[in-house]
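Okay, so here's the structure we're looking at.
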Amino acid sequence: MASSRASSTATKTKAPDDLVAPVVKKPHIYYGSLEEKERERLAKGESGILGKEGLKAGIEAGNINITSGEVFEIEEHISERQAEVLAEFERRKRARQINVSTDDSEVKACLRALGEPITLFGEGPAERRERLRNILSVVGTDALKKTKKDDEKSKKSKEEYQQTWYHEGPNSLKVARLWIANYSLPRAMKRLEEARLHKEIPETTRASQMQELHKSLRSLNNFCSQIGDDRPISYCHFSPNSKMLATACWSGLCKLWSVPDCNLLHTLRGHNTNVGAIVFHPKSTVSLDQKDVNLASCAADGSVKLWSLDSDEPVADIEGHTVRVARVMWHPSGRFLGTTCYDRSWRLWDLEAQEEILHQEGHSMGVYDIAFHQDGSLAGTGGLDAFGRVWDLRTGRCIMFLEGHLKEIYGINFSPNGYHIATGSGDNTCKVWDLRQRRCVYTIPAHQNLVTGVKFEPIHGNFLLTGAYDNTAKIWTHPGWSPLKTLAGHEGKVMGLDISSDGQLIATCSYDRTFKLWMAE
């Protein structure tokens, strides 16, 4: 066996290289895709092995995939990102073409005009200039021109709005202005003469008199307390002879009380809603007959009524107000009556001519209180717009603008010295203004709640009385404006106050339906 295997192996000989045939590389034959072949076959209408039903079954089974030729869309967020990149390149291209001023102040002005912060933390002029360039590349250079045009238009509109408009008044107004001028000038001369005489008094004498006054004021006590009505009492006012006190109530009633025993004398019936104020005629109980008009009152329904002392019914009604009348006040002459209204105006009525001679606007909100100068030449008004105005009745001009309160002005009063004005406001303060300096000279942090009324002592103005919603009334020195006495005793808000013409009595009325008289011991 071994010998036979060896012999067989030996008999196999290796073929020479030239006899081996070379390997031929066969070319690839491309028959096309089945999908294209199938499309061609279907286009020619050939049925072949697969019919329409077989083709449909193959497509449904997923064995045959025939595309519709639609292009595969890129995802939405990828396309948005590409758009943002292109937009950023365009913005940078625009930014390079924008010319920005190298003046830093002008750059800041442009940023302010565009409503952007003029500077950022750690930003220098170069960075600020580049920031302006980037902003303009986004909003466009026309935006800066547009803001400048808008600013010019707003300036023009403000200038037009601030223009003073004059309306032609009736001839009766001209007659009244001349009459007031002739009435006030002699009184002003008399007041100045009295001031000169008072200045000639030695300083020691004046100081001792002031000390005595302060001592008596510190000894003020509640002399009488009376329940005045079933509803809150909104206003109180002494008669010129200090023998009577008039009160106004939210029930619509007005009442007259004897002083100092506080007995009810008359009940005046005529108003149907809250009465805002009732005031005595300047000559009532002094030289005026009881049958004449002695009192005037106003109410929230816009009614203003005139009263005599011998009747419980109103003598006359003043018509013309369509909204709430907050206050009424007599001119020192007694011929004119001033009313403040919630239609942003105040009015002056000539009772002798029985007509409205002045309808004065000037406040942006309702006018709440009015006061007349002792001479009769000026009128002061306080409004719910937190501003006060001083008007010259002889010319009709606003001679002083009282700006400084943060909230509504509810009380205003002139000092007998002729140049001080006090205003009480909803910001809990009382401000003292000087007509000569045309500014606020002192701010009294008077109360812990809104101040409802202010009143100077009517003879020399030696002290100032304030009342507020903190249930108290306070007395302040004049000048100096230091606190002297706090009149505490009411259980509700102090809504009104007054000082008798002789300076001996103080009256306060409250939301607790009572009024109180205060007198020195």
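Here the Cβ of each residue, glycine as well, is placed from N, Cα and C on the backbone.
Record features, source Swiss-Prot:
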MOD_RES   K26  N6-acetyllysine
REPEAT    228-267  repeat 'WD 1'
REPEAT    270-317  repeat 'WD 2'
REPEAT    320-359  repeat 'WD 3'
REPEAT    362-401  repeat 'WD 4'
REPEAT    404-443  repeat 'WD 5'
REPEAT    446-486  repeat 'WD 6'
REPEAT    489-521  repeat 'WD 7'
Highest-contact recorded stretch vs the repeat 'WD 7' (489-521), from 228-267, 270-317, 362-401, CB pairs under 8 Å: 228-267
Distal contacts, the repeat 'WD 5' (404-443) - CB-CB under 8 A, six or more residues away: 188, 191-192, 195, 365, 368-375, 378, 380-388, 390, 449-461, 464, 466, 468, 476, 478, 481
PLDDT averaged over every residue in the repeat 'WD 3' (320-359): 94
Secondary structure content, the repeat 'WD 6' (446-486) (per DSSP, counts of residues): 0 helix, 22 strand, 19 coil
Tally of residues which DSSP labels helix, strand or coil - the repeat 'WD 7' (489-521): 0 helix, 19 strand, 14 coil
